[in-house]
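Engineer: Below: one structure in structure tokens.
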Amino acid sequence: PRVCVVGSGPAGFYTAQHILKHHGGARVDIYEKLPVPFGLVRFGVAPDHPEVKNVINAFTQTARLERCSYYGNVTVGRDVTVAELRQAYHAVVLSYGAEDNRVLGIPGENLSGVYSARAFVGWYNGLPENRDLKPDLSCETALILGHGNVALDIARILLSPLHLLKKTDITDGSLAALTCSKVKRVWLVGRRGPLQVAFTIKELREMINLPGARPVLNPADFTGLENAIKDAPRPRKRLTELMIKTALEKPGEKTMEVQAAVSQAAAPREWGLKFQRSPQEVLPTTDGRRARGVRMALTRLEGSGDAAKAVPTGDVEELECGLVLSSIGYRSLPLDPAVPFDTQRGIIPNSSGRVEGVPGLYCSGWVKRGPTGVIITTMNDSFDTAQSVLEDLQVGVLDMSASREGFGAVESILRSRGVRPVSFSDWEKIDAAEVARGKAAGKPREKIVDPQEMLQLIG
């Protein structure tokens, strides 16, 4: 059987890995829009979390298998259609992730100084489409809308001591911009309360222990929560206890003035969590061009736990800031008119990865279940889809009597359209160049951010 996987992030690679491991004859071709593989492992994981990127080693082993091929620099839906792929392969798996961000939908969202978390993360991680972002970091206060791990990643990058960032694979340009940054205070704002935050304890602990930055949590936000979490699941309980402990920590018994002077000297930067505030409008400067703050609707919670809804109370509050980052989630987009798509939920309608009404078409990862979860979640999800493909091969749902040409057929289509795919050994040349450039600067790698430069490098 010839199987095609669209997208080379964790979902694509784990799907390919599982099929190759459990079917001795299957051949899998992986297509990727960018010249370089690995999706959000390369472009989403924070530069100071190198251990999370270790999965790249396993993906590289898969890509080097004789029965696996990688074709970068190919945009499915433009360079080759899904219908053409279905002609060339017995099964096609769409694993192209969530390449857009959810919008706030409020006035002032397009003012200068307002950025999506997705674009900001793409900028410091070297995603080609965000390389010219040039975020303005000349203000003292930044506001991040959202209480997820991505929000904490951004806060950490904005406040991290430069000597820590210099040892990571953060891009050259963003490191230079952060070196001149005036940001010294970051507020993370959410519509709901402490019991509904979406970040995990590891990320929170890392933020609390960040050198040179002190947490500012309002004890009033946490009153009575000890009782509320008695029966909560253990991860939620531990996370909430850590927030309570941080909020209530009493400084030593020195006089307040001495204490303030000492802590300010020790921690010139600060960050804090604000709850039950929903953005209503980004407020413009007098010339109407830039953000100067955000007007928030104060909310109260209806219901409890994860199902709690934030309802405006009618009261509002203004928060001053010159930088607004909206971290309210990623969004998948339809790839090709031939593929069913649920625009409400932002996913391809499917059951266990089988695309509804289109036999032989499958999906895995964020485009299958929505943009949530960490790499391990995506791994299990992709194995589930791969299992569906294997079952369909076994029971004869997929017509194996017709021989399919796989890349042979696609190659002539691409050539006729002037598209030159990038192979995995081409990527390894780019990889080697990045690692060499990084070594010179004492970094694990220096990412090349311009696709043209990548293509020139491989000749």
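Glycine is treated like the rest: Cβ placed from N, Cα and C.
Below, the features straight out of TrEMBL:
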- ALA11, GLU32, LEU40, VAL76, TRP366, GLY373, VAL374, ILE375: FAD binding site (BINDING)
- HIS147, GLY148, ASN149, VAL150, ARG191, ARG192, GLU203, GLY373: NADP(+) binding site (BINDING)
- 2-158: domain 'FAD/NAD(P)-binding' (DOMAIN)
Engineer: If you count CB neighbours within 10 Å, which one among the binding-site residues HIS147, ARG191, ARG192 has the smallest count?
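Structural biologist: Result for the binding-site residues HIS147, ARG191, ARG192: minimum number of other Cβ atoms within 10 Å at ARG192.
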Engineer: At the Cα level, what's the spacing in Å between TRP366 (FAD binding site) and ARG191 (NADP(+) binding site), rounded?
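Structural biologist: Here the two Cα atoms lie 24 Å apart.
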Engineer: Using only the Cα atoms of HIS147, GLY148, ASN149, VAL150, ARG191, ARG192, GLU203, GLY373, which the record gives as binding NADP(+), return the largest interatomic distance in Å, rounded to a whole number.
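Structural biologist: Maximum Cα-Cα distance: 20 Å.
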Engineer: What Cα-Cα separation, expressed in whole Å, is found between GLU32 (FAD binding site) and GLU203 (NADP(+) binding site)?
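Structural biologist: The separation of the Cα atoms works out to 30 Å.
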Engineer: Which residues, sitting 6 or more apart from VAL374 (FAD binding site) on the same chain, put a CB under 8 Å from its CB?
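Structural biologist: Result: ASN149.
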Engineer: About how far apart, in whole Å, are the alpha carbons (Cα) of VAL76 (FAD binding site) and GLY148 (NADP(+) binding site)?
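Structural biologist: A Cα-Cα distance of 31 Å.
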Engineer: When the pLDDT values for the domain 'FAD/NAD(P)-binding' (2-158) are averaged, what is the result?
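Structural biologist: When the pLDDT values over the domain 'FAD/NAD(P)-binding' (2-158) are averaged, the result is 97.
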Engineer: For ALA11 (FAD binding site), write down the residues of its own chain that are at least 6 apart in sequence and whose Cβ falls under 8 Å from its Cβ; none is a fine answer.
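Structural biologist: Listed in sequence order: GLY39, SER95, GLY97, SER364, GLY365, TRP366, VAL367, LYS368, THR378, ASP381, SER382.
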Engineer: Can you name the binding-site residues among LEU40, GLY373, ILE375 whose CA is within 10 A of the CA of GLU203 (NADP(+) binding site)?
Structural biologist: none
Engineer: Across all chains shown, how many C-beta atoms besides its own are within 10 angstroms of the C-beta of ASN149 (NADP(+) binding site)?
Structural biologist: 18
Engineer: If you pair up every Cα among ALA11, GLU32, LEU40, VAL76, TRP366, GLY373, VAL374, ILE375, the residues annotated as binding FAD, what's the maximum separation in angstrom, rounded to an integer?
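Structural biologist: Those residues reach a largest Cα separation of 25 Å.
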Engineer: By a 10 A CB contact count over all chains shown, which of the binding-site residues listed here is most packed: GLY148, GLY373?
Structural biologist: GLY148
Engineer: Looking at Cβ-Cβ distances, which residues of the chain lie under 8 angstroms from ILE375 (FAD binding site) while being 6 or more apart from it?
Structural biologist: PRO10, VAL41, VAL52, VAL55
Engineer: If I take the alpha carbons of GLY373 (FAD binding site) and ARG191 (NADP(+) binding site), what is the distance between them in whole Å?
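Structural biologist: It is 20 Å, counting Cα to Cα.
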Engineer: Out of VAL150, ARG191, ARG192, point to the one nearest LEU40 (FAD binding site) in space (Cα versus Cα); all of them are binding-site residues in the record.
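Structural biologist: Ranked by Cα distance from LEU40 (FAD binding site), first place goes to VAL150.
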Engineer: Taking every protein chain shown into account, which of the binding-site residues GLU32, LEU40, GLU203, TRP366 has the largest tally of Cβ atoms within 10 Å of its Cβ?
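Structural biologist: Top count of Cβ atoms within 10 Å goes to TRP366.
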